[in-house]
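A.B. asks: This is the structure I want to talk about, given as structure tokens.
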Amino acid sequence: MRIALFRSLGLFVLVFAIDQAIKALILGGFRWESEALSITLAFNKGVAFSMFAFLEGWLKYIQLGMLGGILLFLAYDRSFFVAHYLPLSILLAAGFSNILDRFIHGGVVDYVYWHYGFEFAIFNFADVMIDVAVALFLWQTFFKQK
């Protein structure tokens, strides 16, 4: 349990710090353009594809409550945490980083804009890490030998 907790905290800090450092660069004015991809600043007031933007200021508290619920569950079921600390650490770090954006900037700082062939939603490193965490969790659940 202690090793999992130590690794989890380290990974949490790493993912959180990388995401916030990239966002600081973007907020500082860094931009980049190409035919397929642009790095540009956008504030997402909703969640994926700007859904639930109508919740405005309440969304950050709802998300904070959801992450708090996950933490309470993990405190209750420590074996689940030990089995899945890797994706959980990534998920929580990315989630808390995006929630911090909502408190500080009024919306999530997004910056990666894919526009080759079709226009895709703008996203950030934390969003990618959430996808990675879900993929890892699914792999551990369905394919990892027990």
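The backbone N, Cα and C atoms fix where each Cβ goes, and this holds for glycine too.
Here's the feature list from Swiss-Prot:
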type     : residues : note
TRANSMEM : 10-30    : transmembrane segment
TRANSMEM : 54-74    : transmembrane segment
TRANSMEM : 80-100   : transmembrane segment
ACT_SITE : D110     : active site
TRANSMEM : 118-138  : transmembrane segment
ACT_SITE : D127     : active site
A.B. asks: What Cα-Cα separation, expressed in whole Å, is found between D110 (active site) and D127 (active site)?
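C.D. replies: D110 (active site) to D127 (active site), Cα-Cα distance: 9 Å.
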A.B. asks: Of D110, D127, which of the active-site residues has the most Cβ neighbours inside 10 Å?
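C.D. replies: Highest number of other Cβ atoms within 10 Å: D110.
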